[in-house]
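Below is one structure, written out as structure tokens; the observations come after it.
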């Protein structure tokens, strides 16, 4: 037992030396946990922000001027004023997500108490923005119009609603994407690093060499996960503290240590999965072909990009069953945003651990086979 | 022509290391010329320069009267030179049959069908390969691979045949047959010059003219006889050793001291009927032997005859299918850690950690063998001394010469002072001097320390140094005994002859009669037009790539099933339809009004009601666990206030904002519901509404407002960006890794022909994928389509030409398959996912993101795909985009041609 631990430790030191020797890999690790997190969380957001809007104003009244004035940042970009024909073409070209059509005599009709209709034309091909964007737009229009027509009168709403958005008061997506980006990077790097370190040893024949010695396969597997996992874990935690919390100013609600604990388990599961895929392939090329779709699917269907609840139930079930990423996303959301404690998140962690265990058992079962 | 090739003051270096140092050499024409010398002295570099596959750095290289620095001359010479690179069958395609391989080479030289057929049957008749025309090259024995390589080289009647170590790693019988074949061919094609590099001195005896090389320089030239007499030695090997600059007092030669036999001792290794099967292939077939302690036991046999497999079974690396083995009388069992302390093992290829220094490698092994800490430092120092490694203790193994690396491997194998050493071809590729030194070590280990040594080798003079040897062939042991016994038993003069005689008895089936009678150059050579030759070369790569792809199940699976799997998972998985939001209520009012409000939520499918909560603490828990996305608290008196209309009742709503998109959508839904609730109430109570404004929203292009309808067309773009690019990038880099890129470098094929030829199959597959994806979209996801599918097909065609071209461009800059795959993925995925309209519409992107997106083809294809599916676009709407995609295809091709190198450095 003690000998086994000593072996693992020695092999881990060797793996760490190997990582230290690979400058490109170190640069890549630093890049993805710093600049890349920043870049992507700035770009790929699904929050309604600076939405492109055009207005077709056929009224040219003070009311419509007021409306045009009210359509502004942060939710909307300042609107373009177009003729009906231009607006139609522009929307076909995909230039605007929303077009607000203000009909002729809008102000006059409203002041007379006649029926009037404002139409919002939403480009539903921009499916992530059209729905929410048009809801916000119609709220804005209703409010602006009633403010304008009956100034000073407090809303005549029947019900006063107090909205509180918990855990992320302004619903900014940067928080979310930044943390999810960290997780994606852990997924990508851990799978590739651990898997390719096994394949490299196999291609170079070093694994045979080690196995002739009094070293057991599990010692090799553990040392690989320990070394790469340690590096990735430290890099991701530094990324979280320095970049996400420090530079980007995302507040972290829960305990960092609990997050690190969970991330460690996740890192192990990704390492095990990478090794498992590697044990099914013969060379780097095949490993790459296998790993890429697995990574893409795992990231896209983790619940970190679109909500898991909107997937068909069978798919949710399958992803919960095979992908540690789904559990990690729900764990990370609970801890980092909601400040949940271990008592609330332990089921997720147990599931991730169970998946790692299964993957490790598979790797070890295949270990002798991969030598032939 | 007197000289086939002339080198004048040629130097060549790899970074700071000289491979050739000011070499001036005139190689006579019409002869078999040998380049001899140990590994790493510059033989391969010299041949590469003559063949034109390496770029001449310094000095002049003139081949067949042409200056090799001139690209035009090189292209013209390509049809006159044949080059067989180092490594057994390294320029062959293992999954292609003998006929397909030869067909490929014939096409590369623009031969028409009839001519190819005539030549293939002629060459395979001559080499005895005719019965195996349909066997895949990868399943041929070493000797047959070599013959196939030779056929491929001879397919275009070259004037100059360049063979780089053609017989390394081949058994003596195949080696002998190979040279006899060359002699016969030379007898027919008398004008042909042959230049051969070899490390086997025995072979060099049969060449007409030799150039001996050492350390980047030519140290002697002349006929074998000249060289022997000059050095005053009986054999070339001795002559060569004599010519090398020597350090003073260096030991030369090997003397084998007799072994003292111990009767009745337990044998070190015993094998009983060992069998190893891989699927249906029997690698080792009932092998038994006994090796007494302290003996040097040699294993002789051709490549793939089961030597390595047997050795691995004895180390415990492989589990035998049948049979058992004993070490020192103890049954060898899987996972027996104690037995491993007794074994030192050295595998065929260098297998130490390249990232650790010599000392670190030794220390790691010392630790893993559990040498006690106080003894460890001493032992490492001892071994460093003993194997003369002290000076290079801090060096990394990759930069060391092969001989020293082998010494290091042996040092590592002996660090724990094992009683058995199992050495798998430890001296392959090592020069004679270093080999002698290596053997002196072995003999001292055996005789002085009583270590049992089990060694495999291809060198006959090494076999003769063993106490006993065993001849192996096709997984079986043919004969065991001392070298003398074996020689006598076969009635042969030398051990080599005995071995050949033993093999000849076994290989009749493979050795079909070879008939060089028909081997003449007068096959009807119709000169095809230049255009036809170019098309033929391009087609050669297309057919070969297609065949290889079809026979590689993993790549084929990725190509065909990959897009479908991605489409299904992402199509179902990526959905912005926010449904089944869990919500919980704390209704403190419990009036019909409050119940009605709750019902407004629970009655639509977007919300799913959970258990009620009763306190804020409970709510905290629910939300922290993520069980509830929306919570609503209706205070006491809500219904009353609503009725009386005096005060405006207040309700509280909490939304889980940890997933912003879901949060925003939830807020949107809630606002809508509350407005509806208020309007309904007003209508009932008849309260006057202040304004009669109605705001209506119309969803254009996707009336049902379904995620899948919007996402599927974009997903087609993403998948066709990713998979075809990765497939095509692998196609080129694979050739670099396996070595078949040599065929591109050594033949007249042009860069454009090579690239386009390899791209074609992937374009076809990707376009096929496109239609499959469209089919999935239409029937599985039921996406409506309003535009013209043929136009979409046209745009997709240009899009996949561009994406496969992008993959090839990446492959021009990468060396390994893995870096190519990840470079393609990383470079392509980020802009395609983020900046081409997949999720965020292009119109709301910041200018820089928009620009990045537009510099990739994805952003141009996405609007076409979405437009034709959902907006009813026709050709005129997307003409500009199609033009841009065509432009991308062209630019990628031009850049790839510029970046691809026809010569190595």
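Cβ coordinates come from backbone N, Cα and C, glycine included.
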Stretch carrying transmembrane segment according to TrEMBL (options B:760-781, B:848-869): B:760-781
Which listed span TrEMBL calls transmembrane segment, if the choices are B:686-709, B:710-733: B:710-733
Where TrEMBL places transmembrane segment among the ranges B:664-685, B:818-839: B:818-839
Correct range for transmembrane segment (source TrEMBL, candidates B:627-646, B:787-806): B:787-806
Among B:710-733, B:760-781, B:818-839, B:878-900, stretch most in contact with the transmembrane segment (B:787-806) (C-beta, under 8 angstroms): B:878-900
Averaged pLDDT score, the domain 'ABC transporter' (B:269-499): 85
Long-range neighbours of the transmembrane segment (B:818-839), counting only residues six or more past its ends (CB under 8 A): 714-715, 717-718, 721-722, 725-726, 729-730, 732-733, 803, 806-807, 810-811, 845, 849-850, 852-853, 855-856, 858-859, 862-863, 866
